[in-house]
Protein chains: 2
Amino acid sequence: MSIAPAIPHVIDRATCTALDAADPLAGHRELFDLPEGVVYLDGNSLGALPRATAARVQRVIAEEWGTGLIRSWNDAGWFTKPIDLGDRIAPLIGAAAGEVVLGDSTSGSLFQVAVAAARLRPERRVIVSELGNFPTDLYVLESVQELVGEPGRPLERRLIGGDGIPGPTLADVLDDDVAVVVLTHVNYRTGRMYDMNEVTRQVQAAGAIMVWDLCHSVGAVPVDLNGAGADFAIGCTYKYLNGGPGSPSFIWAAERHHPEARPAITAWHGHAKPFDFDVEYAPAPGITRFRVGTPQLLSVAALEASLDIWRDVDLELLREKSLRLTELFISLVDSRLAPWGIEVVTPRQSARRGSQVALRAGGADGYAVMQALIERGVIGDFRAPDLMRFGFTPLYVSHADVWDAVATLEDILSTEVWRDSRFARRGAVT
Amino acid sequence: MSIAPAIPHVIDRATCTALDAADPLAGHRELFDLPEGVVYLDGNSLGALPRATAARVQRVIAEEWGTGLIRSWNDAGWFTKPIDLGDRIAPLIGAAAGEVVLGDSTSGSLFQVAVAAARLRPERRVIVSELGNFPTDLYVLESVQELVGEPGRPLERRLIGGDGIPGPTLADVLDDDVAVVVLTHVNYRTGRMYDMNEVTRQVQAAGAIMVWDLCHSVGAVPVDLNGAGADFAIGCTYKYLNGGPGSPSFIWAAERHHPEARPAITAWHGHAKPFDFDVEYAPAPGITRFRVGTPQLLSVAALEASLDIWRDVDLELLREKSLRLTELFISLVDSRLAPWGIEVVTPRQSARRGSQVALRAGGADGYAVMQALIERGVIGDFRAPDLMRFGFTPLYVSHADVWDAVATLEDILSTEVWRDSRFARRGAVT
């Protein structure tokens, strides 16, 4: 239960610092090493560095690797880390112990899971996703369509619209041919959030398998996969979970699917008896069969340090603060940036919003505005063709940060400094 | 060119220290943090810790992640690291710049490559490998057979024997149906090395695609993929390259295959324009198309530190020292351990030997003997059912280490201390 006050009608910076003073999660900011003078609103792309991470990784390097050497596979528990850390992610997504395991990259894990999902509906030949999905999900599904289908006859793809993109609805495309539906719970561009319960119900009522991509959800919004009765999910740990650049993805499979699930890649870490060195593959029981090869243990170590923080986080307070931050941001944008035609693209209805807000820059060049913001220490990012994205990580973003971000944005717009040639487009990276 | 003397006929410990004194690679040992009192002969499973690694990873954590945050994708060159480090692995395997890229786990990379290889021979329906291969290769190929084949009609598998395992020869199984041959250059159990030129020629003469697994070769023996005219290869970096536990694998594809190659998993890091966020996949030119998702950058950082060492290594000297170490070990085993029936399983012909030696323990229990060795600081490993493995990493193993290892082994055998119940079998890890 939150003890923080609601956002008052008239807001100034003092209001924001008062909200911070009453914020029960404010103390968590001290657990992160944020650079001086930076307002970091890109934790939805790469989470900030937890203070405990460096020492933890150092210990793994010096003691477990340097001194323990090969013995650490057993003595330091390296072999079971992907399962052990999966169990620590489980409570964040409404999963049970033994249902979650670490994977390689998020794309690799989606491949692993989507093939398993499609194989549960061998008579059906359609995979559904959405035009506005993060593109790698669509690219990965192209592989799945081709490999699960017959040579020269890949599975069919149907992409729904929504979230501002024209296209058919989910109801339009669901029929007896749909094997799998893969949707991203919180949209990477707009922050729009699906109703997981309702969509899962709709998909399963059509006889299809529901796969959720939780990249922009885990650690940001409440997720209850078992509550929704979903089938499979994958997610990343380097955004709101702060596992570090490229930290391992995770895979969730509902326990009821474990006995029959046949993931794409069968490899030795998913084998029932990996050290018997049998010639034939035999799947391990449970979620372990989704494992592929040797985990990248330094990245795993950083993730472990970041997961320590999550032991103490009240997920209800987290969601309350997240909504307070995004609501505050939206109301400040509305009240102060109206003269420049700045448009809030993210749903205003809180139940449909993740922990990020996207703005369309009106008459300004959103790319250049974002570069000018970054130069002044307000770090968000830009998504082509025209969205400025701001992520609000409740563990380390303060209400005063939100104030300062909007004030800086206002100054950049009013002075038109963004027109300076040094802010013109070059490349961009997620 | 080596200035070290050949191994004399009568050997004592002083002979070994003299060989060390004359060893042009002896100085490299100082680049590694080896624990006091340990003779580390398991670098063929997990390489030792380079002294520079900890600081390098610390810098990536504190500066690139902690301070640079999302900006480091561009500013610290994170996005192109898998290509940049691929270029640094290239000279170690006879590859050209632009032909090598980092992957996820080795198993994942074999999957990525084996599918691409099979797709180059769509009219053929057989994948060849060997009974004695590292099992995960066979498990991964089962996935490839099933996914590349038609539903209910997977590609066929033919496994050759050899290396002490009964079975057909390569000549026996090669015919017009064989699409791909996947062999491990240096066998993980016995250290037996294939003639890469000859085998590649034989496979390609039958119209098949040659895929080499270099896990036990790279950094241990000379490899010349382009010299052999091979098609594809994968390898791991945590053994002789010392990249750290689970450090990323690499993929090599001969440049002639780049334009047509279609890897298994199509994902955004392999897209021609990853930041255009197109709905359709379009493969990047060159080796980049083999990339999948976001690289695990802390593990990549450790690999980068270890590759710095390889800039200065003369690969001819490396091979000379490797052979001197294995020859010394074999001759000491022959001369001192004969009374206990210890058998050298690894080929005595140097051209057929990698950088490791496997022993069969005669009347003793090899597992228990290895545990007793490890307790005394001589670290090798055991591979069921009956092999003791000893890896000789020329960069940090000395001739005196070899002497001490055999002397310790002799003591354990002669005192029969290995019969103690504390050395009895439990689990074992690679």
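Cβ from N, Cα, C; glycine included.
For A:Thr106, A:Ser107, A:Phe134, A:Pro135, A:Thr136, A:Asp137, A:Thr184, A:Asp213, A:His216, A:Tyr238, A:Trp268, A:Thr294, the entry in TrEMBL reads pyridoxal 5'-phosphate binding site. Residues annotated as N6-(pyridoxal phosphate)lysine in TrEMBL: A:Lys239.
Sequence features annotated in TrEMBL and their locations in the structure.
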residue	record	Cβ within 10 Å
A:Thr106	pyridoxal 5'-phosphate binding site	30
A:Phe134	pyridoxal 5'-phosphate binding site	21
A:Thr136	pyridoxal 5'-phosphate binding site	27
A:Thr184	pyridoxal 5'-phosphate binding site	22
A:His216	pyridoxal 5'-phosphate binding site	28
A:Lys239	N6-(pyridoxal phosphate)lysine	27
A:Trp268	pyridoxal 5'-phosphate binding site	26
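Across the structure, the residue listed as 'N6-(pyridoxal phosphate)lysine' and A:Thr136 (pyridoxal 5'-phosphate binding site) are spaced 16 Å apart at their Cα atoms. Using a cut-off of under 8 A between C-beta atoms, none of the recorded positions A:Thr184, A:His216, A:Lys239 neighbours chain B. In three-state terms derived from DSSP, A:Thr184 (pyridoxal 5'-phosphate binding site) belongs to an extended strand segment. Put simply, the two farthest-apart Cα atoms among A:Thr106, A:Ser107, A:Phe134, A:Pro135, A:Thr136, A:Asp137, A:Thr184, A:Asp213, A:His216, A:Tyr238, A:Trp268, A:Thr294, the recorded binders of pyridoxal 5'-phosphate, are 30 Å from each other.
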